[in-house]
Amino acid sequence: MDAPVIVTMGDPAGIGPEIIIKAWITGALDAFDMPLVIAGDVAILHRAARVLKCEVAFEVGQQGEAVLIHQGRRLRVKPLSILDPADVPFGEIQAECGEAMLDYIEWACEQCRMGRAAAMVTAPIQKEAIRAAGCNFPGHTELLAERCGVDKVVMMLGGERLKVCLVTTHLALRDVPQAVTVEEIDATLRVTDAAFRRYFTSDAPRIAVLALNPHAGEGGLFGDEEQRLIAPAIERARQAGMDVSGPHSADTLFHFAVQGAYDAVVCMYHDQGLIPLKLLHFDDGVNVTLGLPIIRTSVDHGTAYDLAGTGRASCESLVAALRTAVAMHHRAEENSLT
Ligand SMILES: NC(=O)C1=CN([C@@H]2O[C@H](COP(=O)(O)OP(=O)(O)OC[C@H]3O[C@@H](n4cnc5c(N)ncnc54)[C@H](O)[C@@H]3O)[C@@H](O)[C@H]2O)C=CC1
Ligand SMILES: NCC(=O)COP(=O)(O)O
């Protein structure tokens, strides 16, 4: 059998299990031409099926994996935790869930690294729960970078109309100016350029780099990071052959980016990029970790504790994350043949 795409179930107390089951029973997973395996928990997935009012049968597969069955559809599950749903209330931060979600991620990452899986797609984790389980990484991105032995990765979130790449990620706003350095911007540009050529564009991607300050600092009147840091990093990237422009004022650039003027927008901090992205692509946005030796995509949303157990959460972002991972896999295979 071809190497599968692994979907990690995310927080058992969040919406991850429900959106996986919803995507499966509605037929949204039928279109993919690659086998899928869920890294998760059979009893928790059964509970999600009950929430969605669907009957699910169970059998043991040929390789010892669990197989869920619904109206002729089969879903393979690698059981990595054995939680009792009665002990896992919806919408609560629990260390036991933190341990389980970390196990799903670690296994999926290892399978990808060993070449036994083609890609991993992650359902959302609760960052306080993984902390309660003893994990000091702020999220998947940093954990996967460490496990893959990579110094620099880039968090990209995107949809058809806009793709944003972040220089800094999960950081207090007050710490952003110190973290924005020529080296960080330069490394972000290099990773973004290489990953876009490999997975998304046929040529050099057109990259716009945002300013940090209003009006790009207005010639140094309110902030000089543009002159001291961002412009030199852009120049360095241009010298290296990249198609990079900026620093652009963040308030106007997105208007042109969504009209197709750029392939990627490099943003200095999390909300600078994610506010426009979620405004446009709340439902179908995808998070991609650029710079890893493996393919990792994710939903663009969190655990939505307010919706967990209601069956109302949308599975669109999960399906888009799967579509992106499969397309990246095929594109990388084509590139390796040329
Ligand atoms: N890739 C990941 O694992 C991510 C994890 N998180 C984590 O999730 C937790 C909760 O984060 P929040 O900031 O509250 O963001 P959130 O995305 O969980 O929720 C924000 C709002 O969006 C709604 N929402 C989220 N996903 C939805 C869906 N699929 N369908 C319909 N409505 C949806 C929620 O109901 C809520 O009103 C935090 O621990 C955060 O760190 C956040 C983003 C990504
Ligand atoms: N806001 C995006 C986000 O939290 C992504 O986190 P992760 O993919 O690193 O877990």
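Just so it is clear, glycine is given a Cβ too, placed from its N, Cα and C backbone atoms.
Keep in mind that TrEMBL annotations are predicted by a computer and have not been checked by a curator.
The secondary structure of Asn287 (substrate binding site), as reduced to three states from DSSP, is extended strand. Around Asn287 (substrate binding site), the same-chain residues six or more apart in sequence whose CB sits under 8 Å from its CB are Met155, Met156, Leu157, Thr297, Ser298, Val299, Asp300, Ala321, listed in sequence order. Residues or ranges marked as substrate binding site by TrEMBL: His140, Thr141, Lys278, Asn287, Arg296.
Within 10 Å of the C-beta of His170 (divalent metal cation binding site) there are 13 other C-beta atoms, taking all protein chains into account. In this structure, His170 (divalent metal cation binding site) belongs to neither helix nor strand by DSSP; it is coil. Residues or ranges marked as divalent metal cation binding site by TrEMBL: His170, His215, His270.
In this view, His270 (divalent metal cation binding site) is surrounded by 19 other Cβ atoms within 10 Å of its Cβ, with every protein chain counted. Checked against ligand 2, the binding-site residues His140, His215, Lys278, Asn287, Arg296 give His140, Asn287 in sequence order as having a Cβ less than 6 Å away from one of its atoms. Looking only at other Cβ atoms within 10 Å, the busiest spot among the binding-site residues His140, Arg296 turns out to be Arg296. Neighbour counts of Cβ atoms within 10 Å were taken for the binding-site residues Thr141, Lys278; the minimum is at Lys278.
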